[in-house]
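Chemist: Features from TrEMBL:
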type: BINDING; residues: 94, 96, 112, 115; note: Zn(2+) binding site
type: BINDING; residues: 489, 491, 493; note: Mg(2+) binding site
type: DOMAIN; residues: 264-543; note: domain 'RNA polymerase N-terminal'
């Protein structure tokens, strides 16, 4: 059981096989690669690795534990980096140094007559595999030691007993033998085979009929179900565990039947060897070499396997052979999953070797880092921070990231405007950060949307489109209202930015993925861009006001010098119940706040514009004024709770004043600007 040419994931294809394999890649009718995990037959492993030379020699088996020759610095023949097995180090150059033009894949392969190396591209060393022919069968540790143990479930035997059998602690079947035999009994005893190790497991896996296991498990489960409860807690618990085990065993046997996989494939006879480029040896400064841990584990397996072959040839005692088989089993276990059998194997620096399981599992494994989490072009990543000054459909992109993402567009702009004579000059101008470069960058970014994505992308709002603008720093600025759609927080979260290149992708981003077009939750339909946390606190501060009661309305708003309040210190002003500032417009009120003449929550009188829409509800209002103040010329002021009306002698409305704060004014102006910006963005989008 092994990865079926894991390097095939890099790009090459394999022919289909009826048998299920550990990592099976298929090409469907839509030209998409798919992967399936399963077991693999020894015949398929041999087909992956073997090649036939023109002289009829079959190569592919790794027979020596050596890697490179320390004198010639070339791979050893039949070793872990052999050029005959895995391909040449340099494209079109064999081990002898001869060169030949590489032909097409459809042509017959060409080999060197002297060294037997095929004249192909050196990239084949990322896909070409080898194999080790084991002198004894070896149980795959994943199927034996991992929980649940597939071998133990299928054979219906305790895991401890199977482990003792695999590691040669017990023999496959122990029976008490009588002291005296009849002639027939003696012949039966003499012809009986007693085995131990993985060969015993292989024989037991090859014997049972899977359909018989399905039927027997179902019959036993029904018998236990009919018995019901016994009244004894321990017996009932044993019955429940047995029933659960029968269900698992039946599902396992059913899976083997459906996938047409033979159970004895869980015992290895041939051990695949990964391509050399996936377990490299790198030369460092000073002539030192750094090798992958898998190479050392492979060497350990080959050394023990060679010694076992020698013991078998010399007809050594059974105990010695049995001990060496145990060592081979442990070496393969360490290669596949170091530490699963017992204490992990360590190097001389007391560092645990990384086994095959460590290479493929986890966040930094082959699958999640290289295959599922590929790096893509025209993308970047940075921390997100809040940008409250941004519009809902915009994001702040750092200059450094923006220049890297839009570099090709900037180069094209420099060439079109004849600012740069060639690409090299354009790149030099970008490196020197000339002012014209930033102008072209802003021009390129104008109208070109970008996509922001926060992992994990669990729903549609996990990736949205924004209109980028340049900002200082190295963090991506984001409007706080779009935070909930991404399920992000401004506490160090990172987001990826992608640049759609084709016109179709840009149109799709603009029409479907812009943030101001995704205001509702796709699951519930509720608004998802709602103020939370800091925004709620800010709204509370803006609208809290100073509750001083209606007595403050006893103020004559016609006193135009009322904003000159009694000054206490440099930043604060004293307000009395008789003095509240008056302003003719919102700009005057905001200007007084910026000049620190009033505070954010201080009440003030603001003259409001009169139009037909305002006059009708005021006149129709039946609210009784709190107080009416008359002037000497006949005009009078009707004072209400939150506004004041100045009327003429003919009861015509001259002007209207509302009682508010600077915070309310700022809040309403922001809402008005946001609505106007949304309308402009919608009109541009349509």
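Every residue, even glycine, has its Cβ placed from backbone N, Cα and C.
Unlike curated records, TrEMBL annotations are generated automatically.
Not measured: the values here are computed from a predicted model.
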Chemist: In whole Å, note down how far the CA of residue 491 (Mg(2+) binding site) lies from the CA of residue 112 (Zn(2+) binding site).
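Modeler: That separation, Cα to Cα, works out to 62 Å.
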Chemist: Taking Cα atoms as reference points, which of the binding-site residues 489, 491, 493 is nearest to residue 115 (Zn(2+) binding site)?
Modeler: 493
Chemist: Mind telling me which of the binding-site residues 112, 115 has the densest Cβ neighbourhood, counting other Cβ atoms within 10 Å?
Modeler: 112
Chemist: Counting Cβ atoms within 10 Å across all protein chains shown, which of the binding-site residues 489, 491, 493 comes out on top?
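Modeler: Answer by Cβ density within 10 Å: 493.
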Chemist: What's the number of neighbouring CB atoms sitting within 10 A of the CB on residue 94 (Zn(2+) binding site)?
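Modeler: Counting Cβ neighbours of residue 94 (Zn(2+) binding site) within 10 Å gives 23.
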Chemist: Give the mean pLDDT for the domain 'RNA polymerase N-terminal' (264-543) on the 0 to 100 scale.
Modeler: 88
Chemist: List the same-chain residues at least 6 positions away in sequence whose Cβ sits under 8 Å from the Cβ of residue 96 (Zn(2+) binding site), in sequence order, or say none.
Modeler: 112, 114, 115, 117
Chemist: Which of these binding-site residues is closest to residue 94 (Zn(2+) binding site) if you go by CA atoms: 489, 491, 493?
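Modeler: Nearest in space to residue 94 (Zn(2+) binding site), counting only the binding-site residues, is 493.
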Chemist: Which chain neighbours of the Zn(2+) site, leaving out 94, 96, 112, 115, have a Cβ atom within 8 Å of the mean position of the site's Cβ atoms?
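Modeler: Going along the sequence, the neighbours come out as 95, 97, 98, 113, 114, 116, 117.
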Chemist: What are the other residues, in sequence order, whose C-beta lies within 8 angstroms of the center of the C-beta atoms of 489, 491, 493 at the Mg(2+) site?
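Modeler: Other same-chain residues with Cβ inside the cutoff are 384, 488, 490, 492.
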